[in-house]
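I have placed the structure first, in the form of structure tokens, so that the comments after it can refer back to it.
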Amino acid sequence: MTAVQLIVGLGNPGPEYDQTRHNAGALFVERLAHAQGISLVAERKYFGLVGKFSHQGKDVRLLIPTTYMNRSGQSVAALAGFFRIPPDAILVAHDELDMPPGVAKLKTGGGHGGHNGLRDIIAQLGNQNSFHRLRLGIGHPGHSSLVSGYVLGRAPRSEQELLDTSIDFALGVLPEMLAGDWTRAMQKLHSQKA
């Protein structure tokens, strides 16, 4: 079991993207930073907002890339490379079209599933896809032509409340995730639904 050393929250930078569905991962990391009582600070050399806390004597770094979504890998690779963090010690939180709001699931490895942030991270890590993912359901608009506007839009309050609940569920299995106990984390998280 490899302990998590880096938790990444994907999103787009700038106030026009704040609270959009595509920024669900960034929202998770913001909530995690708040729960740990730490601030996220802009670090130009990592192309993102960075924070750090200690868990059982080990550093855990938080990162929200300030690149656009399709360049997220630039930020992840810069920080992971500097601190020599292997892909299997990275957790990436991101929005997931194929799950309804209120559902959060963990996954290890796999493809990008059409998600541009994941696509770039895989490419920038040298086609290594063994990192872990926290998939935060945002639902699907119904037709592929509507996806771009949907993910870049803000969810109605009822959907946002479901997303917030799924983030709470994910924060509830943080100890298992940090320890690298993915089986236990999945059992606990996947049994919950808002």
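Any Cβ shown, glycine's included, is placed from N, Cα and C.
What Swiss-Prot annotates here:
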type     : residues                    : note
SITE     : Asn12                       : site 'Discriminates between blocked and unblocked aminoacyl-tRNA'
BINDING  : Tyr17, Tyr68, Asn70, Asn116 : tRNA binding site
ACT_SITE : His22                       : active site, proton acceptor
SITE     : Asp95                       : site 'Stabilizes the basic form of H active site to accept a proton'
Site diameter for tRNA, Å, by largest Cα distance between Tyr17, Tyr68, Asn70, Asn116: 16
Residues close to tRNA site centre defined by Tyr17, Tyr68, Asn70, Asn116, Cβ within 8 Å: Asn12, His22, Thr67, Met69, Arg71, Ser72, Gly117
Alpha-carbon distance [Asp95 (site 'Stabilizes the basic form of H active site to accept a proton'); Tyr17 (tRNA binding site)] in Å: 13
Cα distance (Å, whole number) from His22 (active site, proton acceptor) to Asn12 (site 'Discriminates between blocked and unblocked aminoacyl-tRNA'): 7
When distances run from the Cα of His22 (active site, proton acceptor) to each of the recorded positions Tyr68, Asn70, Asp95, Asn116, the nearest one: Asp95
Pairwise CA distance, Asn116 (tRNA binding site) versus Asp95 (site 'Stabilizes the basic form of H active site to accept a proton'), rounded so that it is a whole Å: 11
Asn70 (tRNA binding site): tally of other CB atoms within 10 A of its CB: 13
Assigned conformation of Tyr68 (tRNA binding site) - DSSP reduced to three states: coil
Sparsest-packed of the listed recorded positions (Tyr17, His22, Asp95) - C-beta count within 10 angstroms: Tyr17
Alpha-carbon distance [Asp95 (site 'Stabilizes the basic form of H active site to accept a proton'); Asn70 (tRNA binding site)] in Å: 14
